[in-house]
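Taken verbatim from TrEMBL:
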{"type": "TRANSMEM", "residues": "A:27-45", "note": "transmembrane segment"}
{"type": "TRANSMEM", "residues": "A:57-79", "note": "transmembrane segment"}
{"type": "TRANSMEM", "residues": "A:104-122", "note": "transmembrane segment"}
{"type": "TRANSMEM", "residues": "A:134-153", "note": "transmembrane segment"}
{"type": "DOMAIN", "residues": "A:155-441", "note": "domain 'NADH:quinone oxidoreductase/Mrp antiporter transmembrane'"}
{"type": "TRANSMEM", "residues": "A:159-177", "note": "transmembrane segment"}
{"type": "TRANSMEM", "residues": "A:189-211", "note": "transmembrane segment"}
{"type": "TRANSMEM", "residues": "A:299-318", "note": "transmembrane segment"}
{"type": "TRANSMEM", "residues": "A:325-346", "note": "transmembrane segment"}
{"type": "TRANSMEM", "residues": "A:352-371", "note": "transmembrane segment"}
{"type": "TRANSMEM", "residues": "A:392-410", "note": "transmembrane segment"}
{"type": "TRANSMEM", "residues": "A:430-452", "note": "transmembrane segment"}
{"type": "TRANSMEM", "residues": "A:484-505", "note": "transmembrane segment"}
Amino acid sequence: MASTAAVSPALLEQAMSIAPVPPEHWLIVAPVLVPLAGGAALIALRHRPGAGRALVGRLSILLLALTLAANIGLFLMVVEKGALTMVMGRWLPPFGIAFTADRLGAAFSLSAAAIALLAAIFTRGEAGTGAPAYGPEPFHLLLLAGVSGAFLTGDIFNLYVWFEVLLIASFGLLALGPDRAELDGALKYGFLNLAGTTLFLVAVGLVYGVTGTLNMADLAMRLPAMEGVPAVTLAALFLFAFSMKAAAFPVQFWLPAAYHTPRASTAALFAALLTKVGVYAMLRVLVMLMPAPLEELSLLIAAIAAATMLFGGLGVLAERDLRRLPGFVLISGIGTMLAGIALHSPGGATGAIFYGLQSMALMLALYLALFEAARLAGTPDLMKGGGLYARHPLFSGLVLALFFAAAGLPPFSGFWPKALIVKAALDIGAWWLAGAVLLSGFFLTVGLARAYMLAFWHPQRPPAPVGRGPQTGQAALSARPQKLALTTILPLAVAALAVIGFGLFPERLLQLSGDAASGLADPAAYVGSVFPGAKP
Amino acid sequence: MNTLIFRTIAPFLAALMLVFSVFVLLRGHNEPGGGFIGGLIAASAFAIQGLAQGVSAVRRALKMDPLGIAAIGLLLSALAGFLPFLGAMPFMTGLWIDLNLVADTVPVSSVMLFDIGVYLVVAGTVTAIALALEEKETD
Amino acid sequence: MEAILALLSTAFLAAAFYLLLSRHVVRMLIGVALLGNGVNLSLFLAGRLTRGVPPVMGAGEEVLKAGAANPLPQALILTAIVISFSFFAFLLVLGYRAYQTLGTDDTRAMRFAEPDRLDPPTGY
């Protein structure tokens, strides 16, 4: 019950860091703390009489803007000074839980916050499906807290905890609606993601059993020395667990079953953030901590990547529900990032990171746009709607740019990482992997072009009687006026501009991805920020 | 399940459990106990009350949505983590103050604030889940 | 002792995966509960088994007694128990609501999010 003053300072220094922490170091935890506390405050507030959806919505935008500002500050600081660490509760690193922000984590966290802000703006103009008190905004904030925590934590068990935080927030979001399709999707999503994270926990337990530490910087010094069967087993377990999160073949079937059921902003946020967390975890754990077993597994990962890309491409060709369509684009993108990881070369990792960062903006915009298109057309069925181009030329133009970017055509953002990955694959003679990237891009081009022709260019079809076809899902799908609000078009336009901007001026992002990739290949700076003076 | 004996005893039992849950919460810093188990005991009290008196009675008595209680708890825990910022210490550092009350000095800490937050989070969420399950059974 | 616990953990996990592969949501829920227990047991094993000395420091002590159990896995398990408990509770509510709304707990009959079969778009 005594305070720490009873222990002598010399003894204290052996167990705790007693140097004062400069206030700007709090930026490392601010991207987690602000949305976490903000989400909690909004949940507490939403039942207050007089505090309607409007207030909660405005506050959520304010809080997300604050989070974004903190992320910008953190990102600039990390770019300027290199990796930064804050250890919870003054305990020294291997024992205290560390938050470590390097270029990779800070960049992912920054784009996640920007995406969440855009989604929150979109939410303001969205028709509510449930009671006014149960808006998605508080859970969006909690979801972002989990995602940022996963990107910034420096402790592998803590990574598991953040996985669970974002999972429980996503459960809350999926289960908000009263719809049959939503419940069905939420159930499948719930069970499969729970199984995935539990496998991750098994792997974490084994890592602790083998190395006796959970701190990632500490692991970066110890794990590379481990080799042989146990190391490969561990890496395979991590690979399986993260593949489930990222929706890689053959454990991707939950994604098209669940992601089209919630409201547009929620689906877009899931698509932009959740699978990227899986890819980020692969980069962090497999590429940075376990390079040797990754080398042994690289052929397997490359095969998984090729299968994932082709599955996504074929899915786009076969799908006729506008809201399920982007799910397959997403899966094909996951395959592309996996291909970059499998190559295990600077070019491959750079391509994977670049693809991940631009894919956040792309997937957000694609989901928002296609859900909006389904609403404007009055049906998600490609064969029943039509005539969107004639009615909304500006919106349709944006969608066309997004489709180009998704297919990986120059001069849009999807082109550069694909080019990097294809080149890196050809460099090591993996022509079949390069072929898979190109073939999947071809499928996407054909599939998306046909979708565009059917839903946008085709003259409007007469409204068909209710019959067989994709479930309309939300009852409000066609009930709203056929008008585009500013809150709808603004996030779309910003995300589309980002996609085009990354495509036309890729140098900065390329530089950043390259730096992040070299930070993964040689984690000396990462380790140094946690243990000053240590040599990995 | 809904016998006269149970209905009569349940309010007393629930009240006793609530008091006991606070005891367990405050005892938890250096001895077995703490916010999580305390919160579970409090949630069980509400669940028992819900079985005996019906869910709507419990909701009325709580005055607040259980998830709102959980949210306030989460806010308190986050605040406890944030307090060391004012003293240039890292996130989640435990701060202690000895309060001189009338007869005794009572140590008060940000750790305790965190634990109270955990108590509210657990009590709120588990109550929400329990009430949701009970509601479906009775209605 | 380690081997016995390892086998027990394996048995838990095998039963859990068998149940998770079932078609009925109720069985899957029991599988989730077993899965958490099996994983916690394996976490416990990861911290090495020692007998007799609990990792508790008395008043005035500054280090643990020799041969004390490793407290970290126990803390990890505590966290994991809390998380798996809350997930189980949530999935229970979700499964119950799904059963009420969808009228079935057979996952093969749950075809609301994914309609049975739709032909790909053809023609223009």
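Even glycines carry a Cβ here, placed using N, Cα and C.
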Residue numbers, six or more beyond the limits of the transmembrane segment (A:484-505), whose CB comes under 8 Å of its CB atoms: 115, 118-119, 121-122, 124-126, 358, 361-362, 364-365, 368-369, 372, 376, 392, 394-395, 398, 401-402, 405, 410-416
What parts of the chain pack near the transmembrane segment (A:27-45), using Cβ distances under 8 Å and only residues at least 6 beyond its ends? 51, 55-56, 59-60, 63-64, 66-67, 70-71, 73-74, 77, 84-86, 99-101, 109, 113, 116, 137-142, 144-145, 148-149, 152, 169
If you count every Cβ pair below 8 Å, which range out of A:57-79, A:159-177, A:325-346, A:392-410 shares the most with the transmembrane segment (A:104-122)? A:57-79
